[in-house]
Amino acid sequence: MSHPVQVDPQIARDGAPQQVFDEKDPHDVDLKDESDEEDDTITDLFVSFPPTKGIEHEPNPLTARAVIVGIVLGSLVNASNVYLGLKTGFTFPATMFGAIFGYGFILMLTKIMPGIPYIGQKFGPQENSIIQASATGAGGMAGVFVAGLPAMYRLELLSDDPKSDFGRILTITFVCAFFGLFAAVPLRKFFIINVARELNLVFPTPTATAMTIRSMHAVGSGAADAMRKIKALGYAFLGAFLLIVVGQYADGILHNWYIFVWFFIWSGYSNNALLEPQNWGWYIQLTPAFFGSGILVGLNAAISWWGGTVFAWGILGPILVHKGVCIGIQRGEPGTRWEGLMTFNSLAGTTDPDYVPSPRFWFLWPGVMVLIVYSLVEFFIHFRVIYDGTKFAIRTTCRSINNALQARGKSVSFIEKQAAKADNDDGLVEDFAPPENQVPMWVWSTGALVFLVVACLVAELQFHMNAGLAVLACLLGLVFAFLSIYGGAVTDCTPLTASAKASQLVFGGITRGQEVKHAQRINLIAGNIASGTADVATNLVSDFRVGFLLKTPPHLQFYAQAMGTLVSVFLAPGVFVLFMAAYPCVWKPSDDPLAVCQFSAPSVAAWKAVAEAVTLDKIPIPPSSGYFAIAMGIVCVIQALFKNFYLVGPREKYRDWLPNWMSIGVAWVIGVDSGYANAILFGSITAWWWRKWFHNSFEMYAFAVAAGLIAGEGLAGVVNAALELGKVSGSAVGTLVGQPGA
């Protein structure tokens, strides 16, 4: 359940980034920059952008400086995503961060060392897209490390020390990354060339990234605007980094504002009623990353998350405790001024026959149900894209066979007809890249086959998983890649949650009746492979979209992302092991019901819950929680059908008023906490106000500020983990002033 953060444009419906055009509007509008002349006008988002006036031809945009800068920036995002994903289950793309910061770095090199070969030569938009591609490659793969792998440790399916498993973690990362990388290459032509116009696949964030890159390189105001964005991103990054690193030493003052605790202290510790909101997780967290994500996701997703939080921890949760269905555990020492402190967040003791659930455990199951059902219904509603993709694959294969037969003076009627249909399909969108600029077929086909074999070997030798099941997991990954790319192209929301959960359900059926631990290991490894493959494939095709618009040769983009991916398969496991060493509560929760972990890891809880649900004969789901989960699942099905079959055409505008069930599900799974929900809500309200009253300023700075805030906090989290290992973090030497119980 690792969720790439959605951006809310006016482009995409249903909670996807705020952008400069609407994918449902006619695409013949004038989107040119202020500095562009007539021949720069963008009139069609399904063809490559016209050349920008004053920009010279770039004979070889794949440069060492572009790849190195991209990998460095992507590595920052990779490390950030492990931290942020363990916090809330959300990860963030490296696209805009890499594009803007990459521009700044290379521009600085051209100013400091002008004319020096390979370092200070001129810099154009295609090389900028190479930076972004390598950044995306290096910034990927975090999803596996914030969901499936920690869940395996919680279920005791691996060793009792992640450091000793580094080799096994590395091999599964290689499989996910490189099988997805190679297998996704042929999807470029299908999604960007063949069906983009027919299915209205705008790819909101990649298109916005391409337009940002183009505008920064525009002659005239382009460079000045770019520098403004770079400064905004840099200041936001530095401010967020300092706040999180320094704030840990005075957490109750600089990071978390426990307002009701403050009032309790000011009352002379006499009014215990003021502790009730604190017990239910109501406080303000100064988290730049989630304020930044609020700028991106828009009001619908933010209000849905906040509304789900209010419903769970402000309405139904207290009712459940009042009725005795759920209980809390006293945190404060009896007879002291803090005896009113309670926790409703415990997940300990769930296997006890007399276990009475905490509100968090009670809401875990409705949350998981909502995440699974809503995403899977959307998944199956759009399943036709699989049929179209299969048809495309058959026809293009027939064309290759037919060409070989014709070279020998032979023909087969059926193959000839299918080849002719493939030729007809090619005319939907013009591909600027000639055959010599495409990724050679032997490269991607050989690579995919090699890593399919590697997947079988890794599964068999390291995880005792049948090689045939590994092949099935890889094939499911390709199926999910189709739907993830389609979802990202339409709404900017990639249904990776559905991919993971669907694979868990499939393998739960296959392993039914097998020994429980073995079945759970297969379930989670298969889920990692399927969702990891879909994640990498989606990133690569999104990069191809940026390159298509900027006319960057696709084979150069592929090689840039491959180099970034090679770095990520070593970096992400290393960062994961660092966090597991610093915060063992993530993978080995304490049996102490009062223990508090710095990371709520909702994705881990969801993966673990599904793995148990499909492998155990009996799981301790409270009956009332199960009934409520079923009811919420039915509501999700009804809404998904209503949205996709009734709110169409002129009624489509009303989709914005429907709740975002993915956000609600996260609010329930994350536990008794309002800090993230408040931050995202404040961010989205700020963005709404900013765009409404200062529209030009918003378009100039919003994405840059959001990217800086997100990356800054993420990198600070990595630094904090290192400080935690060194015993010099805020938990060791900081002050407790302003915190509950201090």
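Using N, Cα and C of the backbone, Cβ positions are placed for all residues, glycine too.
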Listed range which TrEMBL flags as transmembrane segment, given the options 130-149, 190-209: 130-149
Beyond the flanks of the transmembrane segment (62-84) by at least 6 residues, Cβ under 8 Å: 90-94, 97-98, 101-102, 105-106, 109, 118-119, 127-128, 130-143, 145-146, 289, 556, 559-560, 563-564, 567-568, 571-572, 575-576, 579, 710-711, 713-715, 717-718, 721
Proximity of the transmembrane segment (169-187) to the transmembrane segment (558-583), 3+ C-beta pairs under 8 angstroms: yes
Surrounding residues of the transmembrane segment (467-486) on its own chain - C-beta under 8 Å, 6+ positions past either end: 179-180, 183-184, 187, 191, 199, 201, 379, 382-383, 385-386, 389, 452, 455-460, 494-496, 498-499, 502-503, 506-507, 510, 522, 525-526, 529-535, 537-538, 541-542
Interface-richest range of 232-250, 441-461, 626-649, 661-689, 701-723 toward the transmembrane segment (558-583), CB pairs under 8 Å: 701-723
